[in-house]
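TrEMBL annotations:
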DOMAIN    B:1-110  domain 'NADH:ubiquinone oxidoreductase chain 4 N-terminal'
DOMAIN    B:113-404  domain 'NADH:quinone oxidoreductase/Mrp antiporter transmembrane'
TRANSMEM  B:21-42  transmembrane segment
TRANSMEM  B:62-81  transmembrane segment
TRANSMEM  B:93-111  transmembrane segment
TRANSMEM  B:117-137  transmembrane segment
TRANSMEM  B:149-168  transmembrane segment
TRANSMEM  B:195-217  transmembrane segment
TRANSMEM  B:229-252  transmembrane segment
TRANSMEM  B:258-278  transmembrane segment
TRANSMEM  B:285-304  transmembrane segment
TRANSMEM  B:310-331  transmembrane segment
TRANSMEM  B:352-370  transmembrane segment
TRANSMEM  B:390-415  transmembrane segment
Amino acid sequence: MLSRLSRLGLALPRSVSVLSTRFVSQSKADSAISSTAVTELYEPVNQSGHGEVSPFAKNPDFHGFSTDPEEDVRNMKMGFFLGISVALVIGGTFIHYLPDHGMRKWARREAERLILLREKEGLPLIEENYYDVSKIILPSSNED
Amino acid sequence: MLKILIPSILLLPSTWLTPQKYLWTTTLSYSLLIASASLMWLATPSETGWSFLNCLMASDPISTPLLVLTCWLLPLMVLASQNHLMLEPINRQRTFISLLISLQIFLILAFSATELIMFYIMFEATLIPTLIIITRWGNQMERLNAGTYFLFYTLAGSLPLLIALLLLQNSTGTLSFFTIPYLPSTCSTPWAHKMWWTACLLAFLIKMPLYGAHLWLPKAHVEAPIAGSMILAAVLLKLGGYGMMRILIILDPLTKELSYPFIILALWGVIMTGSICLRQTDLKALIAYSSVSHMGLVAAGILIQTPWAFTGALILMIAHGLTSSALFCLANTNYERTHSRTMILARGLQTLLPLTAVWWFIATLANLALPPLPNLMGELMIITSLFNWSMWTLILTGLGTLITAGYSLYMFLMTQHGQLPHHLISLNPPHSREHLLLTLHLMPLLLLILKPELIWGWNA
């Protein structure tokens, strides 16, 4: 859109018609040979401690828990020990050695045992009726 | 049951009585101990029956994984919140932790409730601490709007649920989970029955959320502080799914036709919210919409009520809980360093924070449902059972899977790959705390590959 305005270009000062570009020289102003080194675009701001000070500045071993170094280490140790060694490892071992969750392995063994038994006896593998038909009492049809 | 509930309740006085110096250490330690002890719930001897029974609380293969997830999440929330609460006065820190603990208590009671009214009361009770967490500790002005949307969307759905439950209590005299499968269906006039069906399910559909009623979710997830986002994404959405699973038992003959529009809406929502994710500029909003997408698939699975669909829904709920919470934690690590959620402002982080990039990678792979992670197993079971129900759903679910992979990759490539922007001149390295947090999210997910039957629910 700005390029359309360039129809007016020659009538306007050059700085207005090239609004979208900004030329930033990155080479040293006084060197005869253009160097490939880039000078600092942004000067480091000296905030004299009023800005955000990294907690790593005061305590290089900051673990993220507390500004007090001793409590930081203690919290880290408790967290890692209870979280990983107790909860994940001991908890995981507990879960791994749980007996036959939901009786699935038992169900499989029982099914195999019953099938072998019934095939040997010549019985059908499963009865057609889920309930015992003689135990179902139906109301007689002339009652409403 | 009480072995876990009473220690959770007693965490409340312990946060108020612990000296300031040891507050976070003790809270973390005790909540991890409770989480480890909660693994005992996984020792279910029989597949379909109730275990760990007393008159008021019981656990069942559907509620057990959700209970363990709830107990697991509290130490993770404590770990995640520790940094941003460091500068607050000590009593506010204690209040925040008390809110998290009270959420855990209400959620344990909700998932282990044996009576529908108890479940309903706990379902509503979880709204209050979450609302306080969002509106008091959220970081932007929009948090007030977010809290309003969150509260009123859920309440609008759950007041009809209260009426429906009271009606049922009146006509049958009991609402206990042990007996409601055997109740005769309450057939009255067709119109009233349809209203009752809708009233029963609406609250849970809004909570899940179903696509048409999902607007509260991006607002609430984005404006909440990290612990709020974690508990919302990981557990509170699953309250909706769990409630639906429980209540569909009594809605029998009607559900066949009445659920069609909701199934289609849920599947359409998978695609729509997935597409919205591809256009997001806000990282947390992207993760929030991806939650809506995954939960749409869960909702569709639950509504068709076949065994595989229920299993798939349950697996996907657990897997999504861990994955989504991990992604929110990762987004929070970005936010704590750059104080912005805009994705283009924090690109190319792999160069600067390579260890965090590992976690981003694993979490992204989990989100796009890479085999053999349980995310894929759940999605696959839901997709196959939906296909069995109607083969046309394959178009929607297939497209949804494709778009999910698309936006997950988009999120990963945008945040990790590419050139580091010029304004990121110094970012703090990842803390041990952050590594621990993400380990505790993603290791259980990886370990579940080895024993998926823990989260299969009723299925063989």
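Note that the numbers count up from 1, one per residue, in the order the chain is shown.
Cβ atoms here come from the backbone N, Cα and C positions, even for glycine.
By the Cβ criterion (distance under 8 Å, sequence gap of 6 or more), the transmembrane segment (B:195-217) is not counted as touching the transmembrane segment (B:93-111), fewer than 3 such pairs being found. Between the transmembrane segment (B:93-111) and the transmembrane segment (B:149-168) there are fewer than 3 Cβ pairs closer than 8 Å, counting only pairs 6 or more residues apart in sequence, which means the two stretches are not in contact. Tertiary neighbourhood of the transmembrane segment (B:62-81): same-chain residues 4, 8, 24, 27-28, 31-32, 34-35, 38-39, 41-42, 44, 51, 96-97, 100-101, 104, 107-108, 111-112, 225-227, 230-231, 234-235, 238, 242, 245-246, 310, 314, 317-318, 321-322, 325, 329, 332, 433, 436-437, 440-441, 444, 454-455, 457-458, selected by CB-CB distance under 8 Å and a gap of 6+ residues from either end.
DSSP places the residues of the domain 'NADH:ubiquinone oxidoreductase chain 4 N-terminal' (B:1-110) in helix, strand and coil in these numbers: 79 helix, 3 strand, 28 coil. Taken together, the residues of the domain 'NADH:ubiquinone oxidoreductase chain 4 N-terminal' (B:1-110) have an average pLDDT of 92.
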